[in-house]
Amino acid sequence: MKVVDKGTQFTDRISVSGDGGTGEVVLTINEVELRDEVEFICIIKGLTEGTGEGRTKLRVFVSPELPNIEGVQRGISVNEDGPSKIGTCEVKNGYPRPNITWYRNNTPLRGDHDVVKVLPSITTESSGLFSLKSELSMKVVKEDKDDLFYCEENFPLSNNVLVLDNVTRDHGGVYECTSTDTDTFEEVSGNTSVAVHYLDPAVVIPEDAVVAQGEEITATCNALSSLKTRTSWMKNGKEVSKAHTLVLKDATFDSTGMYVCVVTVLDIKEMETSGTLNVKVEGAPEITPPLDTEIETSLESTVHLSCSFRGFPTPTVTWTTSDGKTLAATSETESEGEVQSSLSLTVTGDLAASCNASNKFGDDSATFNIKAKGNGVVIAVIIVCILLLAILGSALYFLYKKGKICGRSGKQDLTKEKSGRDNIVVEMKSDNTEEAVLLGVNGEKQPLGNQ
């Protein structure tokens, strides 16, 4: 079945051949015009299978006239500050809008504001066709003498460029492009080979290694690539090996750390991949000797002590003092198998502080001897005071023995009264006789009656 509406732009120019019995129905449009560039829909109705449709869009091309190029006849100075006009190229009556490309000695020129300037202008004719004029300006030098400039017209096509996004190795191969001449309907084809170079992620075996001191460590690093590669092993930014296989003999705590395997494509330096190996060496803790373990400081000042240990499993660190106290660390950090523990301590006297590290393989420790500067002065003052007290006590005892000082039990009246010589008498008694005499101050005897 065929349906052709009358009174349309296609009236008297369209025909349909075939009845579908052969599986083909052909739509023919005679004397194609620009306005015929529309979408056509073919609908097939089956008796049992339902309906189906297909769509196609008619593209209309009108070849423009041959390009007309006009060059500058006068000489062009090489001393111009900016680009100088070289010539103009004009293409008339084409559809769709044509493009103009300028060439110098078979090399296409691209717009560059400082060196090459291409200024296009477009005119839409009453027929709907396009005319295009392009002006080329360029900053010339002496070496450009006798160069050949020419222009070429072409049509922009929506499918004349193939873009491959997120390219993978599967995109590699031979690509063929086919073009049809709109005048003769002859096909022209060309092909190109696309080589996709790849570098797979690096695979490190093993990724983690735990060994005892003195043992050997072996690890491999590989990355599949389409090109030749170079492999190197790095630790802390320094190269330690240039082979796919890393071998570490007689492992020590210095072997502990992160190793990075870097695989680089020799011909394309930007293609690079890497993997890591984490090495841990088992053993009893080993202390990094502190720079100064003899510390002299002022009383009530604060000292900051620090100990660094290496060992695996990670050592447990405790701080103790000579007076039997256990102190909590102020801070503790771990990096590359090394534990650093710090303690802040207020000095109240001479003291020894020890940091102790232990794990299942053993232990190690370091001791800081802290001397308070103020202690010697205090002791000296105390000794001087004791000596002074001893001297004073000896003097008082000596005076007491000499009778210069009376004890509290004596009945002597130490009160001195001013009196004359004859008024002072001493009464003396004898155990043998009951005779009593009075002695004057000068030793003269006086009868008792004269008292």
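Just so it is clear, glycine is given a Cβ too, placed from its N, Cα and C backbone atoms.
Per TrEMBL, the feature domain 'Ig-like' maps to 67-189 (among others).
Summarising the annotation, TrEMBL assigns domain 'Ig-like' to 201-278 (among others). Across all of the domain 'Ig-like' (201-278), the predicted model scores a mean pLDDT of 94.
DSSP places the residues of the domain 'Ig-like' (285-369) in helix, strand and coil in these numbers: 0 helix, 58 strand, 27 coil. The domain 'Ig-like' feature in TrEMBL is assigned to 285-369 (among others).
If you look up TrEMBL, you'll see 377-400 marked as transmembrane segment.
Assigned with DSSP, the residues of the domain 'Ig-like' (67-189) fall into helix, strand and coil as follows: 6 helix, 60 strand, 57 coil.
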